[in-house]
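According to TrEMBL, the protein carries these features:
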- 19-283: domain 'NADP-dependent oxidoreductase' (DOMAIN)
- 55: active site, proton donor (ACT_SITE)
- 84: site 'Lowers pKa of active site Tyr' (SITE)
- 117: substrate binding site (BINDING)
């Protein structure tokens with residue numbers, strides 16, 4: 001793996017780059033833009049590419065990766081690629097075929113990381129979003145532990161190097177960790193995480209179990225139809241703005257650096273060439289070679305950032321911001 005000094009060790013011996021490029025596409029963006037953006041990301045230095053079956057862009061992402069391999073920019077072993085098991089494929093006999101479908105679309109021999117996308121099994125069938133007559137999602141009775149066993153078989157088959165989960169809470173994780181006959185622990189848990197939703201308890205739990213936390217939405221929730229439009233916008237936060245001005249960085253880079261300094265792997269997404277290149281600046285001068293944190297946190301999966309290079313104060317804290325119980329405002333004490 002290239003850039004090992006910018007990676008974090010997983011509990012199975014592999015490494016995950018601390019900065020990843022997300023490939024989910026808003027409805028208004030044509031899928032062809034994914035090819036262009038992924039190529040730009042690789043050219044800019046991204047080696048961690050995050051996607052999923054349900055994004056329905058794996059053909060495009062695979063084309064972009066293979067084109068950058070073909071032109072000599074990278075080798076396959078330089079790329080860390082993540083795919084995810086969608087909820088309609090939780091039945092054990094559907095898990096490996098689902099991954100094989102992704103690999104066929106990607107035209108790759110293996111993925112580096114395969115995640116259970118959500119801990120909620122949905123009715124298997126042709127629809128990726130099965131609903132009843134009232135428009136409610138149709139769930140399916142599948143034991144997560146059975147799904148996890150099938151994930152372990154994918155690893156044993158060499159179709160994926162590592163396996164993990166996404167959108168799991170502590171109880172879901174404990175269900176897997178306490179499974180009789182567990183062969184492989186999840187290497188990571190990918191969740192929404194940013195200064196307004198800092199996942200402190202979940203992060204502490206994951207560290208205690210040697211599980212890396214991976215953050216999506218690291219610069220704030222997407223402003224889509226699912227989001228309460230009255231919630232505050234992270235990048236407009238005055239504290240982020242003042243820190244950005246002080247360090248001559250953008251608010252987005254401050255938000256990303258906040259996560260790296262607390263040992264969280266971050267995913268960023270953009271279809272803008274300038275912002276794609278700009279996001280890579282978060283790794284500059286970070287001293288990521290030493291996996292140790294000056295603030296006394298667990299050394300597992302934590303990046304040491306010398307005090308004079310820290311963009312975010314070690315005393316950065318979060319306090320609840322009413323009336324949104326799951327939103328937080330960052331303050332400096």
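Backbone N, Cα and C atoms are what each Cβ position is placed from, and that goes for glycine too.
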*How many other Cβ atoms sit within 10 Å of the Cβ of the residue listed as 'substrate binding site'?*
20
*Over the domain 'NADP-dependent oxidoreductase' (19-283), what is the model's mean pLDDT?*
94
